[in-house]
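Swiss-Prot has this to say about the protein:
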| type | residues | note |
| --- | --- | --- |
| BINDING | H79, C93, C96, H97 | heme c 1 binding site |
| BINDING | H114, C133, C136, H137 | heme c 2 binding site |
| REGION | 40-65 | region 'Disordered' |
| SIGNAL | 1-34 | signal peptide |
Amino acid sequence: MRRAHRAGERVMMKRFGIALLAVAIAAGASSLTAQTVTSGLHGPAPLNDEGPAPPMLPNRNTSEREVRNYPEQPPVIPHTIDGYQVDLNGNKCLSCHARARTAESQAPMVSITHFMDRDGQFWPSISPRRFFCTECHVPQNTATPPVSNDFTDIDTLLSRASPGGRR
């Protein structure tokens, strides 16, 4: 008789423990949804709300070429490209950057890699997979970074690593 009574107590304790755990989980979940967590990038709006969009800042519009930060980085676009057509019907970028137009426009020529297909074969014109410039090349705007950045470019890293700062 005592064994049956103890077994019944154990079952009741297990059920009580499970019920208590369920109540604790529910209370914790409801307190999490009530909190507003803020992030430097998201702003003061609650995470499940969409805050107002930040204002669009003007693009830099200069003829200066920017230094690349790492090898093989696509060059950034130093001028505005508002209204440029870059689609299946045409590519406004090539009116200055095409091989035949660079002498007249004084713009840098499209890289020779843009004339290669995925098999390494050269084409007489831009490879279709490189036709849409803005997939890799982007204009730069005047925004201040929303978070601090201590990025160091490759040349600086290499000069620190070499004796005497030389490469």
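Positions of Cβ are set from backbone N, Cα and C atoms, glycine also.
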- Task: Mind checking which of C133, C136 has the fewest other CB atoms within 10 A of its CB? They're the binding-site residues.
- Result: C136
- Note on the structure: Checking the binding-site residues H97, H137 for other Cβ atoms within 10 Å of each Cβ, the smallest tally belongs to H137
- Take the Cβ of H114 (heme c 2 binding site) and count every other Cβ within 10 Å, whichever protein chain it belongs to. 17
- Packing count at C93 (heme c 1 binding site) (other Cβ atoms within 10 Å of its Cβ): 21
- Please report the DSSP secondary structure of C133 (heme c 2 binding site), reduced to three states. helix
- Task: Pop the Cα-Cα gap between H137 (heme c 2 binding site) and H79 (heme c 1 binding site) into the table, whole Å please.
- Result: 11
- Checked against DSSP, the composition of the region 'Disordered' (40-65) is 0 helix, 2 strand, 24 coil
- For the heme c 1 site as recorded (H79, C93, C96, H97), determine the largest distance between any two Cα atoms, in Å, rounded to the nearest integer. 13
- Task: For H79 (heme c 1 binding site), just count the other CB atoms lying within 10 A of its CB, please.
- Result: 16
- Report the nearest neighbour of H137 (heme c 2 binding site) in space among the binding-site residues C93, C96, H97, comparing Cα positions. C93
